[in-house]
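A.B. asks: Submitted below is the structure of interest, expressed as structure tokens.
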Amino acid sequence: QQQQQQQQQQQQQQQQQHQKTSPSTSFVDYNNINNSNGNNINGTTSTCNSTSSSKSNSKEIYNENNNNNNNNNNNSFTNVHNNNNNNNNNRKRRNSHISYDTPDSNNIDNNIESNDTESGFRKNSKKSTDNNNNNNNNNNNNNNNNNNNNNNNNNNNSCNINGNINNGNSNNINNNNCSNIDSTLADVSKHQYTNQHQQQQNIQQQQQQQQQKNQQQQQQQQQQQQQNNQQQQQNNQQQQQNNQQQQQHQQQNSQQQQNNQHQQQLQQQQYQQKHYNNNNNNNNNNQPQTSNQNIQHSQGLNYNQNQNQNQNQEAPIVVNSLILRSIGMMTSKISKDFEELTTFMKSSCPMLLRFSGVENSYHILEKLNNIITQSLEGLPKTPQCSQPPFNQLIPLSNTTTLTPNNYNNNNNNSNNNNNSNNNNNNNSNNNNSNNNNSNNSNNNNNNSNNNNSNNNNSNNNNSNNNNNNSNNNNSNNNNSSNNNNNYSGFNDQQQQQQQQQQQQQQQQQQQQQQQQQQHQQQKHQQTQHSQQHQQQYQQHIQQNNQYQQNQNITQSSQIPQFKSNNIQSLIHNNQQHYTQNNLVNNNNNTNNNNNNNNYNNKTYYQPSVHENQYMASAIAPIHNHQSSPNPFYQQKLTIPQQTNNQSTRISAQFIIQNINNQQIQGTYINFNSCKLSDFKLFDLLGSGSFAKVRLCQHIPSERLFCMKILNQNKIIRLRQEVHVCNEKQVLMLTDNPFIVKLYSTFKDDRYLYFLQEFIPGGELFDYIRANGSLSLYVTQIYAAEIVLALEYLHNQDIIYRDLKPENLLIDQYGHIKLTDFGFAKRITENTKSMCGTPEYIAPEILSGHGHGKSADWWSLGILIYEMLVGVPPFVSEGSQNDIFRLIREARIQVPPEVDQVARDLIEKLVVTDVEKRLGSLEGGIEDIKNHPFFGAINWNSIQNRESAPLKPRIRPLKHHLMDERDEEDRISANFIKPDLLERRKNEFFSNF
């Protein structure tokens with residue numbers, strides 16, 4: 001500190017001397033050189049990180065330098081910076097290039113910055129001189145020219161650390177000052193080093209303290225976690241102990257109940273023995289009747305006893321006889337239903353029958369029905385493998401409790417019956433290994449040897465029973481001694497029971513292990529079966545493909561009725577095998593756990609045995625259907641339910657061959673005499689709000705037709721009776737090559753049937769969506785055909801009102817057919833009914849003031865636009881009201897790529913004013929035909945259907961089974977009263 005004070009005093013003295021000699025060079029202050037890192041030293045621009053005081057000084061100097069860029073003073077500081085154009089960018093570049101950052105340290109006396117070391121400062125000075133030499137051409141020469149001082153001062157610039165420090169006006173600065181500066185800088189560097197070292201030590205100490213704190217916190221957290229884990233373990237142990245205690249209490253309660261039961265049985269049997277021994281006759285020791293009766297007495301069953309005794313006493317009935325009779329009736333009905341179900345499933349889907357368990361449930365119902373009938377008849381029941389023994393069964397017949405009064409009579413028939421009791425009890429125990437308590441309850445008059453005999457097998461029971469007979473044939477006096485022995489042996493019986501329970505538990509564990517092994521074996525077998533079945537399934541597919549190819553090659557003019565159905569049934573049953581085996585492999589665990597005793601020993605799939613059976617059973621219903629056709633709504637049962645789309649399609653070749661077969665198409669059919677039973681239903685072609693369309697075949701001629709099936713209840717609920725009647729009326733009147741033909745109509749209790757022409761090419765809508773749009777040529781041909789169809793209808797005073805791509809079908813030749821005449825109507829003047837599709841409806845229909853034939857020409861313009869563009873012009877993602885608003889405005893925007901002639905026709909058809917719309921003018925329909933859009937059209941060739949614009953795509957049809965008895969039918973019927981429903985049916989649908 002003393003040295004620092006001395007240095008400060010020396011510096012102050014030097015400053016005072018310098019101020020006296022050269023007051024104009026106040027910027028070149030030795031004190032400021034040591035105090036600030038950001039100041040300019042002797043014209044150099046070396047900058048370092050400084051404190052707030054040094055930064056303020058550097059800013060002042062920097063501002064003064066900016067203000068004095070153009071002054072020609074004697075000051076060397078300004079001359080150095082004014083030799084070049086010193087703009088802000090050069091400064092920033094220079095500062096960033098020269099800056100030398102060092103770690104911060106504490107200030108010494110608030111004046112000396114600790115960032116400037118001797119070596120570092122020299123590096124900065126060298127950089128500054130180099131940069132000054134590069135940027136300023138020969139700075140030293142300029143300094144010498146501008147100053148009036150000695151040349152020795154310039155030489156000091158190259159040797160001194162401070163650079164051009166002697167460029168000022170004073171001549172009193174010598175080499176001693178430079179040495180003093182070096183000494184002061186060396187002292188400063190020492191202090192900087194010591195301060196930095198102290199700071200580093202302080203930082204290290206702080207880091208160590210923080211690490212220690214973190215370690216302590218981690219240790220505390222670990223200890224808390226360990227304590228929490230220990231508490232949780234203790235809680236778990238307590239819960240386990242509580243559970244064990246509860247189990248022990250339950251076991252004790254069960255043992256007490258068993259002991260109470262044994263005591264009651266012993267008391268009852270003791271009373272019986274006393275009463276029997278008083279009136280004992282040794283003539284009835286080995287009679288089977290008495291043995292059977294004593295079994296019934298000992299077990300609480302009174303089968304084949306005196307009816308007077310049962311009638312006089314009102315015994316507590318376990319199950320009432322009325323309930324039993326009602327259950328019997330229900331089981332008999334259910335068993336019949338299950339029998340029908342099993343027979344049908346055997347013929348149609350045998351694998352579903354095998355895996356569903358329906359057959360097993362049928363057997364269970366039969367067992368239940370037999371038990372109920374036997375209990376009602378009062379017959380004794382024999383235990384079966386699926387039933388527990390009698391001592392645990394709750395008897396279903398009228399039973400009475402055992403009291404002493406029940407045995408006051410029939411004394412002569414109850415003498416020494418212990419032998420028969422032992423025989424029957426041993427047999428019952430062999431039937432069910434889980435129930436061994438009955439052995440001890442019935443051995444009351446036996447010795448200790450007889451108690452041990454109950455634990456043996458059935459082979460030892462006969463020998464033990466013979467010994468019992470010999471003991472019982474001695475005299476009546478031995479009975480009293482045997483009774484006393486029974487009391488002493490009761491504790492032994494309890495011990496034996498406990499041992500037996502332990503043995504039972506061990507046996508159960510062994511059984512479970514065996515069952516698990518069986519499950520694993522079954523899984524392995526099932527995987528093998530599934531692999532075999534996949535191979536067989538592929539073979540069947542190959543065979544079916546070969547069969548279809550052979551059929552297509554060798555097929556003559558006639559097609560058999562059953563070939564397609566047989567192929568489909570074979571594929572269908574194979575597909576059932578494949579899918580169901582996969583389901584079994586995925587669900588083995590659940591099925592095996594639920595069906596341990598009944599289903600473990602059964603194999604789920606035997607392809608070699610059942611392969612030909614399910615094929616024949618699937619074909620059989622089709623032959624039966626052909627010989628004796630079912631009601632029309634039940635014909636869906638003859639078509640197997642399909643799961644795979646690829647394997648359940650009616651081939652396109654079958655459709656094409658049927659259509660092109662001249663013999664089939666040329667056969668005469670009297671449609672007036674046809675019935676519903678003459679037609680066989682196939683695939684679902686389409687569906688609507690209250691109608692479904694299915695492919696059908698006329699059985700005698702094998703010709704394909706289209707059957708439109710309409711639900712009467714839905715029609716009435718939607719109030720479409722008039723439209724349905726109009727559709728029939730219009731179709732019966734029309735006969736045009738561009739309109740679908742209606743051959744006949746049928747009716748039953750629920751449905752209306754329209755027999756129509758089958759159009760195999762599909763809808764025009766599918767072609768537009770598949771290609772995006774249609775070409776100009778195709779659009780011209782189809783628009784011309786539609787014009788001819790509408791011309792025919794308008795000449796018949798019929799308006800169509802539902803022109804859209806969905807109602808335009810493509811026949812096998814590639815021409816248009818109009819279908820779905822639900823909104824068609826025969827009119828003589830304008831009508832005001834509101835109907836149509838929102839995107840195609842005319843504005844005059846929306847107004848409700850009346851519309852006529854011109855509404856169809858509006859729809860024609862919309863249709864031509866959609867065929868060329870791909871979408872209708874008036875479309876909105878919102879509600880229908882938005883579409884209606886666009887239609888009323890009729891601001892149609894045709895894309896520029898559309899042909900100009902087509903654009904002109906669309907703009908003339910889509911006009912809100914009916915009087916200005918093309919087709920409604922004086923020329924009528926001729927104005928449309930004469931439009932340049934149809935300039936290249938030969939209307940006679942179009943009428944004769946000579947040229948088709950495209951080839952139709954006849955695709956295979958998927959099987960979609962229609963359930964005629966659907967829920968919507970019942971829901972629609974609930975909205976209408978039955979009387980009103982029948983009255984409206986008779987009013988509108990009587991002519992069908």
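Even glycines carry a Cβ here, placed using N, Cα and C.
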A.B. asks: In Swiss-Prot, one of 163-184, 581-602 is tagged region 'Disordered'. Which stretch would that be?
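C.D. replies: In Swiss-Prot, residues 581-602 carry the label region 'Disordered'.
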A.B. asks: In Swiss-Prot, the residues L685, G686, S687, G688, S689, F690, A691, K692, V693 are said to bind ATP. Which of K675, K708 is said to bind at that same site?
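C.D. replies: Swiss-Prot lists L685, G686, S687, G688, S689, F690, A691, K692, V693 binding ATP, and from K675, K708 it also lists K708.
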A.B. asks: Of 520-556, 631-667, which range does Swiss-Prot call region 'Disordered'?
C.D. replies: 520-556
A.B. asks: Enumerate the residues of the same chain, L685, G686, S687, G688, S689, F690, A691, K692, V693, K708 excluded, that satisfy the criterion Cβ within 8 A of the mean position of the Cβ atoms of the recorded ATP site; list them in sequence order.
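C.D. replies: The answer, listed by sequence position, is I709, L710.
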A.B. asks: Determine the Cβ neighbour count for V693 (ATP binding site): the number of other Cβ atoms within 10 Å of its Cβ.
C.D. replies: 22
A.B. asks: What whole-number distance in angstrom separates the two most remote CA atoms of the ATP-binding residues L685, G686, S687, G688, S689, F690, A691, K692, V693, K708?
C.D. replies: 14
A.B. asks: What's the CA-CA gap between D802 (active site, proton acceptor) and S689 (ATP binding site) in angstrom, rounded?
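C.D. replies: Cα-Cα distance, D802 (active site, proton acceptor) to S689 (ATP binding site): 15 Å.
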A.B. asks: Which of the listed recorded positions (S687, S689, S833) has the least company, meaning the fewest other Cβ atoms within 10 Å of its Cβ?
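C.D. replies: Relative to the other recorded positions in S687, S689, S833, S689 has the fewest Cβ atoms within 10 Å.
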A.B. asks: Where does S687 (ATP binding site) sit by DSSP, helix, strand or coil?
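C.D. replies: Note: S687 (ATP binding site) is in a strand by DSSP.
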A.B. asks: Taking only the Cα atoms, work out how far V693 (ATP binding site) lies from S833 (phosphoserine), in Å, as a whole number.
C.D. replies: 26
A.B. asks: Would you list the DSSP helix, strand and coil counts for the residues of the compositional bias 'Low complexity' (1-19)?
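C.D. replies: Result for the compositional bias 'Low complexity' (1-19), in helix, strand, coil order: 18 helix, 0 strand, 1 coil.
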A.B. asks: Indicate whether V693 (ATP binding site) is helix, strand or coil by DSSP.
C.D. replies: strand
A.B. asks: Determine, from DSSP, whether S833 (phosphoserine) sits in helix, strand or coil.
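C.D. replies: Going by the DSSP assignment, S833 (phosphoserine) belongs to neither helix nor strand, so it counts as coil.
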